[in-house]
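First up is the structure itself, then whatever we jot down about it.
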Amino acid sequence: MNLDIDGGKILYALGVVFALGAFAYFVRDVVFGLSITVKAALLFVTFLAFLLVGLSVDRGALDVVAYAIAALAYVVLLAYLITRYDPTETGVFGLFAVSAVLFVGLGYVVRQGGVAVPARTLRYGLLALAAVGLLLVGADVATAGVTYDAELDEEVTLNVPEGALEGDGPRTVPLEGRIGTLTATNAGPFTRPVELPSMAGCVVGTDAVTENDAWISYRPRSYERPDRIAGGETRDHDVHAEIPVASNATDDGSMTFAVERADDCDVSREEPTIVVIVGGDSSDARPPLVAD
């Protein structure tokens, strides 16, 4: 069997595949720590850079490779905008329609012989795009990120949900309610992802609880709130606690607790107290545990 395989084209194809992997990994919020706005802008800059290269070179299949990488950057950009900014159905339609017109127009230009871009213009163009990218990254790094500030109430009264005390026999029922507020603030100019710090809790100073753990979560829930915050915006989230208690531990369906913040649950108190442990360090880093 005589296989006529062009090794150069295989290497080109692998390069395009790896470029797709790099773009997909870049838009994930696990590296770089860049804002949503700057990531989208850098993807667009990358699209323009490879499009410029494709229009400039006419050597083997390099122009095709450049067009392919430019198209991948644009597709990833489009998917990133749709998933991160959650536009309306009309907005999504508009993005696809504009993209269709753009690429049909680019295809027509290329089929007609392309645009003659001199080597000097290519160099200046790439340098300008690189400068724009560096300025964006520098501005992103220099501006403040998202900060988180937890304000807990000194004392709270938690209530058993309506109907939970009905029935005979001892059993475990939940006491639940709001115990404080967590404020997320984006002091910078760019839209950034919101990753609320984890919270854990425990109950000390009473034997009424069936377990010492307190389930701490945020309201609204993660699936009910945006996962991003615009530049200059401040957003409050209620901190909610749920504590399992014996049904015979409360006569009126409520119980009052003091609330305090601590580093761990290795504390003792003489009155019923909810101890709250806030994870993270008031930065963009997500703590290892999530109670949401």
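Every residue, even glycine, has its Cβ placed from backbone N, Cα and C.
Sequence-remote contacts of a segment are chain residues at least 6 beyond its ends whose Cβ falls under 8 Å from one of its Cβ atoms, and for the transmembrane segment (10-27) they are 39, 42-43, 46, 61-62, 64-65, 68-69, 72-73, 76, 79-80. The transmembrane segment feature in TrEMBL is assigned to 10-27 (among others).
Annotation source TrEMBL lists transmembrane segment at 33-57 (among others).
For 64-85 (among others), the entry in TrEMBL reads transmembrane segment.
Here TrEMBL flags 91-110 (among others) as transmembrane segment. If one looks beyond the transmembrane segment (91-110) by at least 6 residues along the same chain, the residues whose Cβ comes under 8 Å of a Cβ in the stretch are 51, 54-55, 67, 71, 74, 78, 81-82.
As annotated by TrEMBL, transmembrane segment applies to 122-139 (among others).
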